[in-house]
Amino acid sequence: MTLRGVSMVLTWCLLVSKAWSSGDDSSIDIRGPRLVMPSQARDSCSTQQTTELCVEGNWGRKCPGGCRMLSMLSRTEKDSMRRVDELTKRLARMIQLHTEIHSYYRSVSDVSNQVVTDREDTEARFYALLSDLERKIIYLQRRINGQLTLLSQLRNGIAQQTSTILQLEVDTDVALRTCKGACARQVRYRVDKEMNLQLEKANAYLSGINLALFEEIVHESFSVERDDARSLHPYSGGPASDSEPRDGDGTASQATGFRSDATDPGVSHGNSSKSFGNVDERSKVEKDVNVASTSSVSSSSSSSSSSSSTSSTISSTQKTEELSFKKVSVSTAAVAGKDTDDFQWDSVQTASQTEEGFVRDTGADSTWNQHNVQWNSDFGTASDDEPDFQARSHRTNLSEYIDCLDVLQRRPGGKASGLYEVRPRGAKRALTVHCEQDTDGGGWTLVQQREDGSLNFNRSFSAYREGFGTVDGSGHGELWLGLEAMYLLAHEDSTMRVELQGWDGAGAHAEYTVTLRDDSKGYALQVSDYRGTAGNALVSGVADDPELTSHGGMTFSTYDRDTDKWSDGSCAEWYGGGWWINACQAANLNGVYYQGGPYDPREKPPYEVENGVVWATYRGSDYSLKRTAVRFRRVQIPIVE
């Protein structure tokens, strides 16, 4: 190459280097000119072309131009917006799904709550049926034991008579044989050996029949099973000291009807029990069976007194024997005293009264024998009454027992008279009542009592519906339990026992089978089947006018709610107390309390009528009684003979 050629090359490189460093628009771009399609609008990017969008040190020589950068930003923005829209739609779907799930959860929760409620109701019905079944089983066992005792006595009697017949035949044959040749008249006697053989076979067959008594399933054993099942149905209440009756406690706890609070009161039992005199205390089972067993199953009976011996002794005064039930076996008890329903109002004596058939031992773990009916007074320990606080249940505020009969048959220690908390079927709240467990088999719920006139019984219908008055643990006080509570206790067939006492100390009683209707039916009293010594005042009424004085089927009437049959006025207003009144009355135990007994109606303004505490068939309408008591007890399951 010549010198001239080298010079031209150097000049060209110098120019190119200068153009590169100047950055002028007129200089040549290293990337060269861009191709522009005919459809593109170049003017829209003209401003960006003059703008330095990047630095050489950062991007290098391939830095994109303004139009390309704008396109990339636009594409990125669209992609971001698309993602935002997609996320927004997903969020909306999630919100909708959450709403649906919440609604489904609410519906499932409602169904679950309903299932739990239905299960609680089913549990309540189940345990009520279980309780009824338990009582029926115990009752059937006692009746069966009574019948087995009868059969055993009949078998023994047949065996004894068979032996006597055989002995008489032998004696007769011997006597006739020894008379031959010495008697004025010859008698031929032939012993029927074939018949005797048949009698012996029949007697042997009867002796082979097993007539052993059933071991009675007492309620304590059932209570243990219920304790194990408390995870489904525990009884309500707190500690045993607050929720269960305490035997022998002398506190002034009182029965006032329905309780408004949720706490369970301490329950007291007095040391003495009110008695309406020498009442026949035999239970219905004892009166029906009316026999005594020939042997005792329990080992304790073998060492008992002559009243519980294995030999059967018929009382000369009563000509019958009573069946006395103990925990396991049936033992003999002979009545040695006067059996009468005309009784005196006396306190329970601690001394032995064998002439009246009443014996009481005052020991700590004694056995009461009243009219030769033995009751075990072992009330258990405080731990027996402890509830299972770890049990699972939604029903923590319900009482375990429905009435006094339920307390007697199921509650350990429930054989003592006193205050107990019960909850009849259908009741919304617990009810504190006085239970009489010593009269005619026990299980009686006190609903009315007059004894000193300290309480005014001329009250409004609402007061009679809710109840008023109190009694203590010993059963002293004046009380009207309340029509609503009485309806819950006697809306099914029940026995109503009316106990009366005059000012001379003599007493009488009347028992009826009753059913009480609800408020919509005016608490009408359906009454039938009278038995007792006080006279049938409720059904028969006054002899001169039975149709207008009978109380059967009558609604409850007060001075402010006149539902009686008298068209000329209000019987309740005239006679001074609410009652089941016709037009007007043969009995009213809620009348005006007059001291002394007999009274002159003409001296009792303003109406001058027989408005005392009366039972016309007992002492007449002009005699105001000193003490009265009305008690209810459910009718137990009848046994078809």
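Cβ coordinates come from backbone N, Cα and C, glycine included.
Given the structure is predicted, the values throughout are model-derived calculations rather than measurements.
Annotation comment: Swiss-Prot describes 228-327 as region 'Disordered'. Residues or ranges marked as compositional bias 'Basic and acidic residues' by Swiss-Prot: 279-289. The compositional bias 'Low complexity' annotation in Swiss-Prot covers 293-317. Residues or ranges marked as disulfide bond by Swiss-Prot on the basis of sequence analysis: Cys404-Cys435, Cys571-Cys584.
A 10 Å cutoff on Cβ-Cβ distances gives Cys435 (disulfide bond) a total of 33 other Cβ atoms nearby, all chains included. All protein chains included, Cys584 (disulfide bond) registers 24 other Cβ atoms within 10 Å of its own Cβ.
Neighbour list (Cys404 (disulfide bond), Cβ cut-off 8 Å, at least 6 residues apart, same chain): Tyr420, Val422, Val433, Cys435, Glu436, Gln437, Gly442, Gly443, Trp444, Thr445, Arg633.
Within 10 Å of the Cβ of Cys571 (disulfide bond) there are 23 other Cβ atoms, across all protein chains. Secondary structure from DSSP puts Cys571 (disulfide bond) in a helix. According to DSSP, Cys435 (disulfide bond) is assigned to a strand segment.
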